[in-house]
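Everything below concerns the one structure shown next.
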Amino acid sequence: MNDIATTAGNTHPMISMTGVEKWYGAFQALKDINISVAKGEKIVLCGPSGSGKSTLIRCINHLETYQKGEIRVSGTVLGHQAKTIDAVRREVGMVFQQFNLFPHLTVLENCMLAPLRALKLSRQEAEGRARQLLERVKIAEQADKYPAQLSGGQQQRVAIARALCMRPQVMLFDEPTSALDPEMVKEVLDTMIGLAEEGMTMICVTHEMGFARQVADRVIFMASGAVVEEAPPAEFFSNPKHERTRKFLGEILGH
Amino acid sequence: MNYTLDFTPVIEGLPSLLTACLGTFTLAICGMLLATVIGIGGVVLRQSKIAPLRWLVIVFVELIRNTPFLVQIFFIYFALPLTGIRLDPTPTAIIALGINGGAYAIEIIRGGVQSISKGQMEAGLALGLHKGQVFRLIILKPALRAIFPSLTSQFVLLTLTTSIASAISAYELTSVSQRIESDSFRSFEVYFTVTIFYLVISWLMMRLFALFSARYFAYPVK
Ligand SMILES: Nc1ncnc2c1ncn2[C@@H]1O[C@H](COP(=O)(O)OP(=O)(O)OP(=O)(O)O)[C@@H](O)[C@H]1O
Ligand SMILES: [Mg+2]
């Protein structure tokens, strides 16, 4: 009971990271990360390549281990035991740069797999959920196709629907539009904006600054494994405090 | 060269040769099933967190792949009875074929599993599935698809290897043909016919695998 410290009241943040440090061997990938994300908050995480953005969000659902500090997801301390890890993973959806749809399953089966096997829903219930969410990402008519028969943008929307089928409390996005042809970026961003408007708690690693301006409550800028600066988008873009942030924005916005 | 061909003994023996083909098929199919179970099970153990289990698989694979099949089958048939395990020729042959084919299948299937991107595993885990579920439901099928041509050749080889079971007089094509040959002394005619039979059996096996593959691996890939 010490590990699952879910206590009364909904006062705790959805995600809190305190003093998180991670090493790959001798290389420190995360340095004293302290981030708190409230329910319904949307965070955009940005920073140069290799700054540790992926590592950070992958620690939240324990795809990466960390050596120091504490991560809580809706009050549950993410320990290192299988039980708490599984519990947290069911609450946290993740969308990857490379979509990672399962090639041997149809779109519908992709969406039903985890609800059937991890949540033990009935087939009927799982299918109902899957169809509803495919509808929501505007791809219901492709339900019986295989991933290889879809465009990149369609695949990524299926991946979003697949994650939503678990009814997660938080969604993590790791550069969801970076692998897409330019003309498909918008359809995925629109899906994410829709999700944000419905009040989903989101952490998005992305360099789509238009998206950040439109939906983010806060932008967090990382460099060399540490959080350099965090601010609401208006302030972040118009008045960056740190030299590194200015340099990064200059590069990315092409100033 | 005043040898005159005489297929009469072969023609008379045809019914028993044809039924012997069923024996060959039985050994081959059962051996393959066992080899598949050992192959997949071995891959799972090979990835185990428990080091001795991994070593066990490595030793097993090396042991089997670096010793002759004839010795393996003799070992099971003649040496194991000394420990109280006594098996008939047919089960002996199936077990020997399964073990031998399984050792090769482990290495082949492991290659398939390694060819699947890490992202597939991560996507499964992120959805809250256990490692075992991820392997069974997500990794296994694409992995088998990737190596299916190699597995097919390995299993056609296994089918032909059933002929070595004649050394312990298991009921299959080679031992039956040996009997006809030693009764009739028509070596050329008998082994010529048996060669054709084996060709047909191999071809049938390949068709069987192609059909299975067309059904089971029907999903499109980029
Ligand atoms: N498995 C690993 N072993 C060793 N070092 C790693 C490993 N994974 C990541 N790193 C290192 O950790 C650092 C942070 O990597 P990470 O992938 O989190 O960066 P990122 O900010 O997501 O970069 P990008 O924008 O390129 O995706 C990098 O320097 C990377 O080389
Ligand atoms: Mg990254």
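Positions of Cβ are set from backbone N, Cα and C atoms, glycine also.
Heads up, TrEMBL stuff is auto-annotated, nobody curated it.
Taking Cβ pairs closer than 8 Å, the transmembrane segment (B:17-45) reaches residues 10, 53-54, 56-57, 60-61, 90, 93-106, 108-110, 113, 135, 140, 155, 158-159, 162-163, 165, 170-173, 175-177, 180, 193-194, 197, 201, 205 in its own chain, all 6 or more past its ends. The annotation transmembrane segment is assigned in TrEMBL to B:17-45 (among others).
Sequence annotations record features per position, and here TrEMBL assigns domain 'ABC transmembrane type-1' to B:21-209.
Annotation comment: TrEMBL describes B:57-80 (among others) as transmembrane segment.
The feature transmembrane segment is assigned by TrEMBL to B:92-113 (among others).
What TrEMBL lists as transmembrane segment is B:146-170 (among others). Sequence-distant contacts of the transmembrane segment (B:146-170), counting only residues of its own chain at least 6 positions beyond either end whose CB sits under 8 Å from a CB of the stretch, comprise 23-24, 27-28, 31-32, 35, 69-70, 73-74, 77, 89-90, 92-93, 96-97, 100-101, 104-105, 108-109, 111-112, 115-116, 178, 198, 201-202, 205-206, 209-210, 213, 217.
Per TrEMBL, transmembrane segment is recorded for B:190-212 (among others).
Residues 26-28, 30-40, 42-43, 46-47, 57, 60-61, 63-65, 69, 72-73, 76-77, 139-140, 142-147, 150-151, 154-155, 158, 161-162, 165, 168, 170, 172 of the same chain lie 6 or more positions beyond the ends of the transmembrane segment (B:92-113) yet place their CB under 8 Å from a CB of it.
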